[in-house]
Amino acid sequence: MANYTLAPEDEYDVLIEGELESDEAEQCDKYDAQALSAQLVPSLCSAVFVIGVLDNLLVVLILVKYKGLKRVENIYLLNLAVSNLCFLLTLPFWAHAGGDPMCKILIGLYFVGLYSETFFNCLLTVQRYLVFLHKGNFFSARRRVPCGIITSVLAWVTAILATLPEFVVYKPQMEDQKYKCAFSRTPFLPADETFWKHFLTLKMNISVLVLPLFIFTFLYVQMRKTLRFREQRYSLFKLVFAIMVVFLLMWAPYNIAFFLSTFKEHFSLSDCKSSYNLDKSVHITKLIATTHCCINPLLYAFLDGTFSKYLCRCFHLRSNTPLQPRGQSAQGTSREEPDHSTEV
């Protein structure tokens, strides 16, 4: 039966680097990603998968059962956790066998999870800005939840559409006596292979780095200009901004290395040493970025007082009394941030 391995170094990032090399007279020693992968990737992916799935399932439980989904930010946070779960589900299969359908499924889950996470981070940031700008009166109470649901559906649809190019061009290919899910241009696609590799790289950089960085920077600068921002500090503002900052810090190194690897001829980085270092940088930064799914639940626990309270009660760390679901808890235990700071 045909087997393939989907590993972080097997995606089009490193493949681009290798296939776009110009024919050089000197023989270059290519970076051997398998050496590091054999030692680190299985244990790292297993740890990230277990921790990330448990953390994000706990977030889903608390949001759905206890905090409720009557606030727009909770709807976005729930979808953000689902995005992380989609991404995490691909990790165990980076070193396991499968067939052509499995390749498509893994590619779809991986990129849909990544793109949707980016979009929900942007939606959270914009929502916090609108709350701050309009003091919670931008929408009526009856329109808040429907607006959150509609924008969430649009975010998922956009993420799926953004993933279609990867879904089409990835196929199992024989490499090192086993099949790997890698870039392979389909004959019916227009333009040449180099064009599509450049296109996929730019799409990745714009969606995962440029777009969220622009939105975050622009809105944060606008908020910093007001006196009210310095006078009023709410934990949810800190939480949303921390989520975005961590996401950018985790994925920016990989996107930069990925971009330089793809367009290295344009930056005079085609020599042996530069190519080797770029391959290594892409591989290592990709592994680091993979761990981002475990960070968000930790931010909730440290920066969201309501979430940490529910979390502690779930584990009976502060109280042995049963935690009541939303709508049944007493006023003293269900108090969250003031309405003018948390609702749109």
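Quick reminder: no glycine exception, Cβ is built from N, Cα and C everywhere.
In terms of which side of the membrane each occupies, Swiss-Prot places ARG128 apart from HIS283. The disulfide partner of CYS103, as annotated in Swiss-Prot and taken from the candidates CYS28, CYS181, CYS272, CYS293, is CYS181. Taking all protein chains in view, 26 other C-beta atoms sit within 10 angstroms of the C-beta of CYS181 (disulfide bond).
Here the topological domain 'Cytoplasmic' (220-238) returns a mean pLDDT of 72 for the predicted model. Contact between the transmembrane segment (44-64) and the transmembrane segment (287-307) holds: at least three of their C-beta pairs are under 8 Å, each pair 6 or more apart in sequence. Below 8 angstroms of C-beta separation, residues 12-13, 16, 114-115, 118, 121-122, 125-126, 128-129, 162, 165-166, 169, 183, 241, 244-245, 247-248, 251-252, 255-256, 258-259, 262-263 of the same chain, each at least six residues beyond the ends of the transmembrane segment (199-219), sit close to that stretch.
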